[in-house]
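Copied over from TrEMBL, here are the features:
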REGION    45-100  region 'Disordered'
COMPBIAS  45-58  compositional bias 'Polar residues'
COMPBIAS  75-97  compositional bias 'Polar residues'
REGION    126-192  region 'Disordered'
COMPBIAS  143-157  compositional bias 'Pro residues'
DOMAIN    208-337  domain 'Cyclic nucleotide-binding'
BINDING   286, 295  3',5'-cyclic AMP 1 binding site
DOMAIN    340-449  domain 'Cyclic nucleotide-binding'
(Lines of atoms letter the chains of each structure in order from A and count residues from 1; the text may use other names and numbers.)
(Lines give C-alpha, C1' and ligand atoms only; values in the text may rest on other atoms or scores of the structure.)
Protein backbone atom coordinates (compact mmCIF):
# COMPACT_ATOMS: atom_id res chain seq x y z
CA UNK A 1 0.00 0.00 0.00
CA UNK A 2 1.42 3.37 -1.06
CA UNK A 3 2.26 5.80 1.71
CA UNK A 4 0.78 9.34 1.65
CA UNK A 5 2.86 11.90 -0.24
CA UNK A 6 2.94 14.29 2.75
CA UNK A 7 4.35 11.53 4.94
CA UNK A 8 7.16 10.62 2.54
CA UNK A 9 8.08 14.30 2.14
CA UNK A 10 8.34 14.79 5.91
CA UNK A 11 10.46 11.66 6.37
CA UNK A 12 12.75 12.67 3.50
CA UNK A 13 13.26 16.14 4.99
CA UNK A 14 14.00 14.61 8.40
CA UNK A 15 16.54 12.21 6.91
CA UNK A 16 18.34 15.12 5.27
CA UNK A 17 18.51 16.98 8.59
CA UNK A 18 19.80 13.88 10.42
CA UNK A 19 22.44 13.26 7.75
CA UNK A 20 23.61 16.87 7.96
CA UNK A 21 23.60 17.20 11.76
CA UNK A 22 24.53 13.65 12.85
CA UNK A 23 23.01 14.11 16.35
CA UNK A 24 24.15 12.06 19.33
CA UNK A 25 20.60 11.77 20.69
CA UNK A 26 18.51 10.78 17.66
CA UNK A 27 15.18 10.55 19.49
CA UNK A 28 15.52 14.01 21.02
CA UNK A 29 16.63 15.42 17.69
CA UNK A 30 13.54 13.98 15.93
CA UNK A 31 11.27 15.26 18.68
CA UNK A 32 12.67 18.78 18.38
CA UNK A 33 12.48 18.72 14.60
CA UNK A 34 8.85 17.58 14.47
CA UNK A 35 7.90 20.07 17.20
CA UNK A 36 9.21 22.92 15.07
CA UNK A 37 7.55 21.53 11.94
CA UNK A 38 4.22 21.30 13.73
CA UNK A 39 4.48 24.88 15.02
CA UNK A 40 5.33 26.18 11.55
CA UNK A 41 2.48 24.28 9.93
CA UNK A 42 -0.09 25.52 12.49
CA UNK A 43 1.19 29.08 12.15
CA UNK A 44 0.76 28.94 8.37
CA UNK A 45 -2.87 27.84 8.78
CA UNK A 46 -3.73 30.70 11.12
CA UNK A 47 -1.92 33.33 9.07
CA UNK A 48 -3.75 32.54 5.82
CA UNK A 49 -7.50 31.96 5.39
CA UNK A 50 -6.95 29.03 3.04
CA UNK A 51 -4.07 26.54 3.01
CA UNK A 52 -1.91 26.54 -0.11
CA UNK A 53 0.24 23.86 -1.66
CA UNK A 54 3.37 25.56 -0.38
CA UNK A 55 2.00 25.71 3.17
CA UNK A 56 1.56 21.95 3.18
CA UNK A 57 5.15 21.25 2.12
CA UNK A 58 8.00 20.87 4.62
CA UNK A 59 9.69 24.18 5.29
CA UNK A 60 13.44 24.47 5.05
CA UNK A 61 14.99 25.02 8.45
CA UNK A 62 17.69 27.54 9.17
CA UNK A 63 20.66 25.55 10.39
CA UNK A 64 20.78 22.22 12.19
CA UNK A 65 18.08 21.73 14.84
CA UNK A 66 20.76 20.97 17.45
CA UNK A 67 22.00 24.55 17.13
CA UNK A 68 18.51 26.01 17.25
CA UNK A 69 17.66 24.56 20.67
CA UNK A 70 19.61 25.12 23.87
CA UNK A 71 20.38 22.04 25.94
CA UNK A 72 19.68 21.91 29.65
CA UNK A 73 22.94 21.72 31.57
CA UNK A 74 23.69 18.39 33.13
CA UNK A 75 21.14 16.47 31.03
CA UNK A 76 20.75 15.29 27.47
CA UNK A 77 17.20 16.59 27.21
CA UNK A 78 16.30 19.60 25.09
CA UNK A 79 12.94 21.13 25.92
CA UNK A 80 10.85 22.38 23.01
CA UNK A 81 9.80 25.24 25.32
CA UNK A 82 13.33 26.47 25.86
CA UNK A 83 15.77 25.74 28.65
CA UNK A 84 14.31 25.96 32.16
CA UNK A 85 11.18 27.62 30.77
CA UNK A 86 7.64 27.08 31.95
CA UNK A 87 4.83 27.67 29.44
CA UNK A 88 2.41 28.49 32.24
CA UNK A 89 4.45 31.28 33.83
CA UNK A 90 6.64 31.19 36.90
CA UNK A 91 10.17 29.97 37.15
CA UNK A 92 9.24 26.38 36.55
CA UNK A 93 10.57 23.44 38.53
CA UNK A 94 14.11 23.91 39.80
CA UNK A 95 16.44 21.59 41.61
CA UNK A 96 18.49 22.34 44.69
CA UNK A 97 21.11 20.13 46.32
CA UNK A 98 20.93 19.73 50.08
CA UNK A 99 24.06 19.42 52.25
CA UNK A 100 23.61 15.67 52.25
CA UNK A 101 23.87 15.57 48.48
CA UNK A 102 20.17 14.73 47.90
CA UNK A 103 18.41 16.56 45.09
CA UNK A 104 15.20 18.33 46.11
CA UNK A 105 12.54 19.40 43.62
CA UNK A 106 11.14 22.86 44.30
CA UNK A 107 7.72 23.58 42.83
CA UNK A 108 7.05 26.97 41.29
CA UNK A 109 4.71 28.07 44.08
CA UNK A 110 7.61 27.78 46.54
CA UNK A 111 9.65 30.47 44.79
CA UNK A 112 6.98 32.87 43.53
CA UNK A 113 5.02 35.47 45.45
CA UNK A 114 1.59 35.10 43.92
CA UNK A 115 -0.82 37.97 44.50
CA UNK A 116 -4.32 37.34 45.74
CA UNK A 117 -7.14 37.85 43.22
CA UNK A 118 -8.66 40.25 45.76
CA UNK A 119 -5.53 42.42 45.74
CA UNK A 120 -5.89 45.80 43.95
CA UNK A 121 -2.66 45.23 41.98
CA UNK A 122 -3.43 41.61 41.13
CA UNK A 123 -3.62 42.10 37.36
CA UNK A 124 -0.43 44.13 37.12
CA UNK A 125 1.53 41.66 39.24
CA UNK A 126 0.30 38.65 37.34
CA UNK A 127 0.96 40.31 34.02
CA UNK A 128 4.55 41.21 34.87
CA UNK A 129 5.25 37.77 36.26
CA UNK A 130 3.89 36.23 33.13
CA UNK A 131 5.90 38.43 30.76
CA UNK A 132 9.16 38.00 32.65
CA UNK A 133 9.14 34.22 32.70
CA UNK A 134 7.57 32.95 29.51
CA UNK A 135 9.84 32.67 26.50
CA UNK A 136 7.51 31.32 23.84
CA UNK A 137 6.76 27.73 22.98
CA UNK A 138 9.96 27.08 21.05
CA UNK A 139 12.67 28.92 22.94
CA UNK A 140 12.47 32.24 21.08
CA UNK A 141 12.87 35.59 22.75
CA UNK A 142 10.04 37.33 20.93
CA UNK A 143 7.66 39.56 22.89
CA UNK A 144 5.11 37.49 24.75
CA UNK A 145 1.36 37.96 24.31
CA UNK A 146 -0.75 38.72 27.37
CA UNK A 147 -2.59 35.91 29.13
CA UNK A 148 -5.77 34.70 27.48
CA UNK A 149 -7.95 36.34 30.12
CA UNK A 150 -6.50 39.78 29.23
CA UNK A 151 -6.52 39.73 25.46
CA UNK A 152 -9.31 40.30 22.97
CA UNK A 153 -11.00 37.29 21.35
CA UNK A 154 -9.57 36.30 17.95
CA UNK A 155 -11.20 37.46 14.77
CA UNK A 156 -13.20 34.51 13.36
CA UNK A 157 -12.34 35.66 9.82
CA UNK A 158 -8.65 34.94 10.48
CA UNK A 159 -9.20 31.19 10.77
CA UNK A 160 -9.10 28.86 7.75
CA UNK A 161 -12.32 27.75 6.13
CA UNK A 162 -13.99 24.93 8.08
CA UNK A 163 -11.47 25.46 10.95
CA UNK A 164 -14.02 24.29 13.55
CA UNK A 165 -16.29 22.35 11.20
CA UNK A 166 -17.75 19.20 12.71
CA UNK A 167 -16.33 19.78 16.16
CA UNK A 168 -18.59 18.62 18.95
CA UNK A 169 -20.06 21.29 21.22
CA UNK A 170 -20.96 20.98 24.86
CA UNK A 171 -24.51 20.76 26.17
CA UNK A 172 -25.39 22.09 29.60
CA UNK A 173 -28.37 22.80 31.79
CA UNK A 174 -29.20 24.43 35.10
CA UNK A 175 -28.03 22.48 38.12
CA UNK A 176 -30.99 21.04 39.97
CA UNK A 177 -30.32 18.87 43.00
CA UNK A 178 -32.90 16.09 43.45
CA UNK A 179 -34.62 16.03 46.82
CA UNK A 180 -33.18 19.44 47.69
CA UNK A 181 -34.47 21.19 50.76
CA UNK A 182 -35.81 24.30 49.02
CA UNK A 183 -39.44 25.34 49.25
CA UNK A 184 -40.27 24.90 45.57
CA UNK A 185 -43.80 23.76 44.83
CA UNK A 186 -45.33 23.18 41.38
CA UNK A 187 -47.73 25.80 40.03
CA UNK A 188 -51.43 25.01 40.10
CA UNK A 189 -53.77 26.11 37.30
CA UNK A 190 -57.39 25.23 37.98
CA UNK A 191 -59.21 23.24 35.31
CA UNK A 192 -62.73 22.12 34.71
CA UNK A 193 -63.56 18.39 34.78
CA UNK A 194 -63.96 18.57 30.99
CA UNK A 195 -60.47 20.09 30.60
CA UNK A 196 -58.94 17.47 32.88
CA UNK A 197 -60.51 14.69 30.86
CA UNK A 198 -59.19 16.14 27.61
CA UNK A 199 -55.76 16.68 29.12
CA UNK A 200 -55.49 13.12 30.42
CA UNK A 201 -56.22 11.82 26.94
CA UNK A 202 -53.64 14.21 25.47
CA UNK A 203 -50.77 12.96 27.66
CA UNK A 204 -51.89 9.34 27.68
CA UNK A 205 -49.13 7.26 26.13
CA UNK A 206 -46.58 10.11 26.10
CA UNK A 207 -43.26 8.46 26.93
CA UNK A 208 -42.09 11.39 29.05
CA UNK A 209 -44.88 10.83 31.57
CA UNK A 210 -45.29 7.05 31.46
CA UNK A 211 -43.17 6.41 34.55
CA UNK A 212 -44.77 9.06 36.79
CA UNK A 213 -46.72 7.89 39.82
CA UNK A 214 -50.23 9.14 40.60
CA UNK A 215 -49.03 12.11 42.69
CA UNK A 216 -46.56 13.25 40.05
CA UNK A 217 -49.15 12.85 37.30
CA UNK A 218 -51.52 15.07 39.27
CA UNK A 219 -48.76 17.69 39.61
CA UNK A 220 -48.21 17.68 35.85
CA UNK A 221 -51.94 17.96 35.14
CA UNK A 222 -52.25 20.90 37.54
CA UNK A 223 -49.21 22.72 36.14
CA UNK A 224 -50.14 22.47 32.45
CA UNK A 225 -51.69 25.55 30.85
CA UNK A 226 -54.04 25.43 27.87
CA UNK A 227 -52.85 27.34 24.76
CA UNK A 228 -55.44 27.59 21.96
CA UNK A 229 -53.95 28.17 18.48
CA UNK A 230 -56.84 29.59 16.42
CA UNK A 231 -55.24 30.02 12.98
CA UNK A 232 -52.88 28.29 10.58
CA UNK A 233 -49.27 29.49 10.34
CA UNK A 234 -48.86 30.71 13.92
CA UNK A 235 -45.30 30.32 15.24
CA UNK A 236 -45.23 28.47 18.55
CA UNK A 237 -41.44 28.03 18.70
CA UNK A 238 -38.78 30.05 16.87
CA UNK A 239 -35.45 28.44 15.99
CA UNK A 240 -32.55 29.95 17.92
CA UNK A 241 -34.67 31.33 20.77
CA UNK A 242 -34.34 30.27 24.39
CA UNK A 243 -36.77 27.56 25.44
CA UNK A 244 -39.28 28.27 28.19
CA UNK A 245 -42.08 25.76 27.61
CA UNK A 246 -42.72 22.15 26.70
CA UNK A 247 -45.86 21.48 24.65
CA UNK A 248 -48.31 18.58 24.40
CA UNK A 249 -50.64 18.53 21.38
CA UNK A 250 -54.28 17.86 22.19
CA UNK A 251 -55.73 18.79 18.81
CA UNK A 252 -54.40 19.70 15.36
CA UNK A 253 -51.00 19.30 13.71
CA UNK A 254 -47.77 21.29 13.54
CA UNK A 255 -44.88 21.53 11.06
CA UNK A 256 -41.16 21.75 11.85
CA UNK A 257 -38.75 23.94 9.87
CA UNK A 258 -34.96 24.12 10.23
CA UNK A 259 -32.75 26.87 8.84
CA UNK A 260 -29.15 25.79 8.21
CA UNK A 261 -27.88 29.00 9.86
CA UNK A 262 -29.23 27.84 13.22
CA UNK A 263 -31.79 30.63 13.57
CA UNK A 264 -34.88 32.02 11.88
CA UNK A 265 -33.98 34.50 9.13
CA UNK A 266 -35.93 37.43 7.69
CA UNK A 267 -37.65 37.27 4.33
CA UNK A 268 -39.26 34.48 2.29
CA UNK A 269 -37.83 31.08 3.10
CA UNK A 270 -36.37 32.36 6.35
CA UNK A 271 -37.74 29.40 8.28
CA UNK A 272 -35.63 27.04 6.18
CA UNK A 273 -36.58 23.55 5.08
CA UNK A 274 -39.57 21.61 6.39
CA UNK A 275 -38.23 18.55 8.21
CA UNK A 276 -41.31 16.97 9.75
CA UNK A 277 -44.80 17.18 11.22
CA UNK A 278 -46.52 16.07 14.40
CA UNK A 279 -50.17 15.62 15.33
CA UNK A 280 -52.46 15.08 18.33
CA UNK A 281 -50.92 13.04 21.15
CA UNK A 282 -47.39 14.17 20.30
CA UNK A 283 -45.20 16.66 22.09
CA UNK A 284 -42.30 18.98 21.33
CA UNK A 285 -39.92 21.45 22.96
CA UNK A 286 -38.44 19.12 25.57
CA UNK A 287 -34.82 19.17 24.38
CA UNK A 288 -34.33 22.90 24.88
CA UNK A 289 -35.62 22.57 28.45
CA UNK A 290 -33.61 19.49 29.34
CA UNK A 291 -30.27 20.77 28.02
CA UNK A 292 -30.67 24.56 28.20
CA UNK A 293 -30.02 24.75 24.45
CA UNK A 294 -31.53 27.14 21.88
CA UNK A 295 -34.60 25.97 20.03
CA UNK A 296 -33.47 23.62 17.26
CA UNK A 297 -36.41 24.27 14.91
CA UNK A 298 -39.27 26.63 14.14
CA UNK A 299 -42.68 25.09 14.86
CA UNK A 300 -45.85 26.51 13.26
CA UNK A 301 -49.47 25.40 13.24
CA UNK A 302 -50.36 23.45 10.09
CA UNK A 303 -54.10 24.05 10.42
CA UNK A 304 -56.61 26.23 12.22
CA UNK A 305 -58.20 25.30 15.53
CA UNK A 306 -55.19 23.62 17.16
CA UNK A 307 -54.92 23.23 20.92
CA UNK A 308 -51.77 22.87 23.04
CA UNK A 309 -50.96 22.32 26.70
CA UNK A 310 -47.79 24.05 27.93
CA UNK A 311 -45.51 23.16 30.86
CA UNK A 312 -42.91 25.68 32.06
CA UNK A 313 -39.20 24.87 32.20
CA UNK A 314 -38.70 24.62 35.97
CA UNK A 315 -41.78 22.48 36.59
CA UNK A 316 -40.87 20.24 33.66
CA UNK A 317 -37.34 19.64 34.91
CA UNK A 318 -38.18 19.36 38.62
CA UNK A 319 -40.95 16.84 38.19
CA UNK A 320 -39.17 14.71 35.62
CA UNK A 321 -35.75 14.90 37.26
CA UNK A 322 -36.94 14.21 40.78
CA UNK A 323 -39.27 11.44 39.64
CA UNK A 324 -36.43 9.78 37.76
CA UNK A 325 -34.13 10.12 40.77
CA UNK A 326 -36.71 8.71 43.19
CA UNK A 327 -37.62 5.91 40.79
CA UNK A 328 -33.99 4.90 40.42
CA UNK A 329 -33.43 4.88 44.18
CA UNK A 330 -36.58 2.80 44.67
CA UNK A 331 -35.53 0.24 42.08
CA UNK A 332 -31.96 0.06 43.40
CA UNK A 333 -33.31 -0.72 46.88
CA UNK A 334 -35.69 -3.30 45.43
CA UNK A 335 -33.00 -4.98 43.30
CA UNK A 336 -30.75 -5.35 46.34
CA UNK A 337 -33.43 -7.65 47.81
CA UNK A 338 -33.78 -9.81 44.67
CA UNK A 339 -31.80 -13.04 45.29
CA UNK A 340 -31.10 -13.47 41.58
CA UNK A 341 -29.22 -10.16 41.39
CA UNK A 342 -27.22 -10.29 44.62
CA UNK A 343 -24.12 -11.45 42.75
CA UNK A 344 -24.12 -8.27 40.64
CA UNK A 345 -22.18 -5.13 41.54
CA UNK A 346 -24.04 -1.97 42.63
CA UNK A 347 -23.14 -0.40 39.27
CA UNK A 348 -24.67 -3.33 37.36
CA UNK A 349 -27.83 -3.12 39.45
CA UNK A 350 -28.08 0.63 38.85
CA UNK A 351 -27.95 0.04 35.08
CA UNK A 352 -30.81 -2.43 35.42
CA UNK A 353 -32.74 0.06 37.58
CA UNK A 354 -32.50 2.70 34.84
CA UNK A 355 -33.94 0.29 32.26
CA UNK A 356 -36.91 -1.00 34.28
CA UNK A 357 -40.51 0.04 33.66
CA UNK A 358 -43.44 -0.43 36.05
CA UNK A 359 -46.71 -2.17 35.18
CA UNK A 360 -49.72 -2.94 37.39
CA UNK A 361 -52.17 -5.85 37.13
CA UNK A 362 -55.42 -6.39 39.04
CA UNK A 363 -56.20 -9.64 40.87
CA UNK A 364 -57.08 -12.40 38.40
CA UNK A 365 -55.40 -10.67 35.43
CA UNK A 366 -53.13 -12.63 33.11
CA UNK A 367 -49.64 -11.14 33.16
CA UNK A 368 -48.23 -13.38 30.42
CA UNK A 369 -50.06 -15.92 28.25
CA UNK A 370 -48.74 -19.37 27.37
CA UNK A 371 -47.81 -19.57 23.69
CA UNK A 372 -47.29 -15.83 23.21
CA UNK A 373 -44.01 -14.45 21.91
CA UNK A 374 -41.87 -13.31 24.82
CA UNK A 375 -40.69 -9.69 24.72
CA UNK A 376 -40.27 -8.83 28.41
CA UNK A 377 -38.73 -10.13 31.62
CA UNK A 378 -40.60 -9.54 34.90
CA UNK A 379 -39.58 -8.85 38.49
CA UNK A 380 -42.41 -8.97 41.03
CA UNK A 381 -42.38 -5.77 43.12
CA UNK A 382 -45.48 -6.47 45.20
CA UNK A 383 -48.33 -8.97 45.37
CA UNK A 384 -48.51 -12.68 44.54
CA UNK A 385 -48.76 -14.56 41.26
CA UNK A 386 -48.61 -18.12 39.95
CA UNK A 387 -47.61 -19.88 36.73
CA UNK A 388 -49.99 -22.37 35.07
CA UNK A 389 -49.72 -24.72 32.11
CA UNK A 390 -52.62 -25.73 29.91
CA UNK A 391 -54.18 -28.96 31.13
CA UNK A 392 -52.57 -28.75 34.57
CA UNK A 393 -54.76 -27.59 37.46
CA UNK A 394 -52.02 -27.01 40.01
CA UNK A 395 -49.62 -24.11 39.50
CA UNK A 396 -46.17 -25.08 38.26
CA UNK A 397 -44.62 -22.26 40.28
CA UNK A 398 -45.73 -19.52 42.67
CA UNK A 399 -44.21 -16.06 42.98
CA UNK A 400 -43.83 -13.52 45.76
CA UNK A 401 -42.03 -10.18 46.08
CA UNK A 402 -38.54 -10.34 44.60
CA UNK A 403 -39.22 -13.34 42.35
CA UNK A 404 -38.83 -13.23 38.57
CA UNK A 405 -40.56 -14.85 35.62
CA UNK A 406 -40.77 -14.62 31.85
CA UNK A 407 -37.09 -15.47 31.40
CA UNK A 408 -37.47 -18.81 29.59
CA UNK A 409 -38.94 -17.35 26.40
CA UNK A 410 -36.08 -14.84 26.25
CA UNK A 411 -33.32 -17.29 27.14
CA UNK A 412 -34.45 -19.95 24.66
CA UNK A 413 -36.06 -17.62 22.09
CA UNK A 414 -39.29 -19.64 22.23
CA UNK A 415 -42.97 -18.85 22.95
CA UNK A 416 -44.09 -18.50 26.55
CA UNK A 417 -43.94 -21.91 28.27
CA UNK A 418 -46.67 -21.08 30.82
CA UNK A 419 -49.21 -18.45 31.79
CA UNK A 420 -48.72 -16.22 34.84
CA UNK A 421 -51.84 -15.03 36.66
CA UNK A 422 -52.03 -12.41 39.42
CA UNK A 423 -53.33 -13.91 42.68
CA UNK A 424 -53.68 -10.38 44.09
CA UNK A 425 -53.14 -6.86 42.86
CA UNK A 426 -49.55 -6.96 41.67
CA UNK A 427 -46.92 -4.50 40.53
CA UNK A 428 -44.11 -5.73 38.32
CA UNK A 429 -40.91 -4.21 36.98
CA UNK A 430 -40.38 -5.13 33.33
CA UNK A 431 -37.18 -5.33 31.29
CA UNK A 432 -37.29 -5.42 27.49
CA UNK A 433 -35.70 -8.21 25.45
CA UNK A 434 -32.65 -6.22 24.35
CA UNK A 435 -31.97 -4.82 27.80
CA UNK A 436 -32.45 -8.32 29.24
CA UNK A 437 -29.71 -9.74 27.00
CA UNK A 438 -27.41 -6.77 27.60
CA UNK A 439 -27.75 -6.37 31.36
CA UNK A 440 -28.54 -9.82 32.75
CA UNK A 441 -25.81 -11.80 31.02
CA UNK A 442 -23.88 -12.36 34.30
CA UNK A 443 -26.86 -14.19 35.89
CA UNK A 444 -28.06 -16.13 32.84
CA UNK A 445 -26.72 -19.42 34.21
CA UNK A 446 -28.61 -18.86 37.49
CA UNK A 447 -31.88 -18.29 35.63
CA UNK A 448 -31.37 -21.43 33.55
CA UNK A 449 -31.10 -23.49 36.73
CA UNK A 450 -34.58 -22.46 37.90
CA UNK A 451 -36.88 -25.52 37.83
CA UNK A 452 -40.55 -25.59 36.82
CA UNK A 453 -42.83 -28.60 37.07
CA UNK A 454 -43.29 -30.02 33.57
CA UNK A 455 -41.42 -27.15 31.88
CA UNK A 456 -38.12 -27.45 30.02
CA UNK A 457 -35.72 -24.73 31.11
CA UNK A 458 -32.97 -25.22 28.58
CA UNK A 459 -30.75 -27.01 31.11
CA UNK A 460 -30.25 -30.75 30.57
CA UNK A 461 -31.42 -32.82 33.54
CA UNK A 462 -29.08 -35.65 32.55
CA UNK A 463 -25.34 -35.57 32.97
CA UNK A 464 -23.81 -34.76 29.55
CA UNK A 465 -21.44 -37.74 29.87
CA UNK A 466 -24.34 -40.09 30.57
CA UNK A 467 -26.24 -38.64 27.64
CA UNK A 468 -23.23 -39.37 25.43
CA UNK A 469 -23.12 -42.98 26.67
CA UNK A 470 -26.83 -43.48 25.86
CA UNK A 471 -26.48 -42.10 22.36
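Glycine is treated like the rest: Cβ placed from N, Cα and C.
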With DSSP, how much of the domain 'Cyclic nucleotide-binding' (208-337) is helix, how much strand and how much coil, in residues? 40 helix, 41 strand, 49 coil
Chain-internal residues near residue 286 (3',5'-cyclic AMP 1 binding site), provided their CB is under 8 angstroms and they sit 6+ positions away: 208, 246, 316
Please give me the CB contact count at 10 A for residue 295 (3',5'-cyclic AMP 1 binding site), counting all chains in the structure. 21
